[in-house]
Amino acid sequence: MRSQPHVLSIVLAGGEGKRLFPFTADRAKPAVPFGGSYRLIDFVLSNLVNAGYMKVCVLTQYKSHSLDRHISQSWQLSGLAGEYITPVPAQQRLGKRWFTGSADAILQSLNLIYDEDPEYIIVFGADHVYRMDPEQMVKEHIESGAACSVAGIRVPRKEATAFGCIQADDDGTITEFLEKPADPPATPDDPDVTFASMGNYVFTTQALIDALKEDSEDENSAHDMGGNIIPYFVNRGEAHVHDFSRNVVPGETDRDHGYWRDVGTVDAFYEAHMDLISVYPVFNLYNRKWPIHTSDDSNLPPAKFVKGGIAQSSIVAAGCIISAGTVRNSVLGPGVVVEEGASVEGCVLMDGVRIGKGAVVRHAILDKNVRVGDNALIGVDRARDSERFTLSQGGVVCVPKNYELHGADED
């Protein structure tokens, strides 16, 4: 393992994820399945572990059972070596109240910092799809002498109005942090792009503690990391931007270098899946030099295709059975069954979905354990779909967890 300063990683995983409804109706956003075999939180945890950061606290709150279980079952490290990835629910250490913001979540968890006594603290979000080497950011943070570093991704200025935007000088010192500005600032070296905050931070420990305590005394604060804590450091001239375009991950290609996606809406979530199944995806799941880790599916049998069942341009996870059915341009999670004569096209099917004989499912996302009856139709009649399900702005049909759709002959 590479020699490193003493670092504690904190992952903020308490988000409700309302824009991903109905897939967050029963789980926290970081626990939403992604890419057939993963959960959203697997990406940030993989980045930390691949970089050698093995002391990780995941702060949870909203409907966290699924997330807690996934972390406990899939991310067991060697306690003998002092390594851990542990979910930490709201402890109510500062009174009988829940987290009121991301900064308050860390404030209420200061005991974790005091117990570990790190030199530096990584604070990352839990619900983005990307590869990143956090060690490079920590090293740059130390060399900069700043108290706070913010990872910034270069985006076209005309598209940056939906982000927290960073204005920095030539040496990377952040001079202004603007939340969703109408006129985003340009980067020092390119007038057509701006630095958008990725929600990933590195702090010198005592500086973060001081900022959190001062923020807690401000009755007008939203106690938010991006909205309050980062501006605190910017105003003091103590914030530095880490240019994500310079973060190089082993095994990456020119095509997927710098890939980062906020999949916080249904349409963004769907489009990220459709990228995965393209011939040359922008994001490569198959980079073995910087793998995305998740639960071990070795207890599931391999996917099986029988009676002429086929899958084209698709990702099919372990335990799936395609029996005389057809799957095209889709992502199937573990244990999905597609029966005789059924057609699945342009879909994301999560764990345990069953598609009945002769059913047609198109342009849809089906949550875990959905049952689609024989000859039933989804994504064929928009008016009918809108009566039964949620439709995204882009027209993606969203079928909630455990839903049972009767077959055509049962209506």
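In case you wondered, yes, glycine gets a Cβ from its N, Cα and C as well.
DSSP gives SER197 (alpha-D-glucose 1-phosphate binding site) a strand state. The alpha-D-glucose 1-phosphate binding site annotation in Swiss-Prot covers GLY164, GLU179, LYS180, SER197 and rests on sequence analysis.
Surrounding the centroid of the Cβ atoms of GLY164, GLU179, LYS180, SER197, where the record places alpha-D-glucose 1-phosphate, the chain contributes additional residues within 8 Å, namely PHE163, CYS165, PHE177, LEU178, PRO181, ALA196, GLY226, GLY227. Long-range neighbours of LYS180 (alpha-D-glucose 1-phosphate binding site) (same chain, six or more residues apart, CB within less than 8 Å of its CB): THR161, ALA162, PHE163, GLY164, CYS165.
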